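Presented below is the structure to which this report refers.
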Amino acid sequence: MRKPLMAGNWKMNKTVSEAVSFVKALKGAVTGVSNVEILVCPAFTVLYEVNNEIKGSNINLGAQNLFGEAKGAFTGEISTAMIRDTGCSYVIVGHSERRQYFGETDEAVNKKTKAALAADITPIVCVGETLKERENNVTFSVIEKQVRNGLADLTLQQASLTVIAYEPVWAIGTGKTATPDQAQEVHSFIRKIYAQMYEESAEKVRILYGGSVNPGNVSDLMKKSDIDGGLVGGASLEAESFTKLVKYSK
């Protein structure tokens, strides 16, 4: 049985004081929740303070990115050791905004994924198609390429520990959402490709949906057999709305 994961991706939002206020409110609201794994992924600048605030709670900490090298002359980058030192157990890899604005390739995603796993940090590896790709009916070929290249050459154990997030790029921050059936179709396809690559690990891997998840659609999405949680953007920035996602009912 795959435990649902609700992951809040704060993107470039929240100062230290705003972040601390948020997690204080969230911590109180989700006390006692054990059937859903809760994750917040703040900006690098507030990881330390957020970690101090959530210690001993049921909230996990993740980073939004990492670099594939252990250390060195890579100005502006951050390593797995630095992330772990702030208390992170997860890291987002290959988010569509990283691919779009910073030119991240599947090969870079693969390197980061392996670096995270080597450091015992769980990568949340993002895949997804643009609106143009969906309209051109190449969604599945795009997704297959991203999965096969971005998640190549893992051990079976690493493959089962990895989390995948399907984020249709056309549904991120637009208010548009893939219907539950559309999302399930792609999630099922991802699991099928993963099974070809890593056999039984495909049944263990959690596949999150990330595309304008909100309190109004989360229950219908989570009813689908291959949707194991959400990678949440805007709705994770307010404690009240994120709590509703965490406490969704099928």
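Yeah, the Cβs are placed from backbone N, Cα and C, and that goes for glycine too.
Site annotation (Swiss-Prot): substrate is bound by Asn9, Trp10, Lys11, Gly173, Gly233, Gly234, and the candidate from Ser34, Ser188, Ser212, Ser249 recorded at this site is Ser212.
Here the binding-site residues are Gly173, Gly233, Gly234, and the one whose Cβ sees the fewest other Cβ atoms within 10 Å is Gly173. Ranking the recorded positions Lys11, His95 by how many other Cβ atoms lie within 10 angstroms of each Cβ puts Lys11 at the bottom. Within 10 Å of the C-beta atom of Glu167 (active site, proton acceptor) sit 25 other C-beta atoms, taking all shown protein chains into account. The subset of recorded positions (Trp10, Glu167, Gly173, Ser212, Gly234) lying with their Cα within 10 Å of the Cα of His95 (active site, electrophile) consists of Glu167, given in sequence order.
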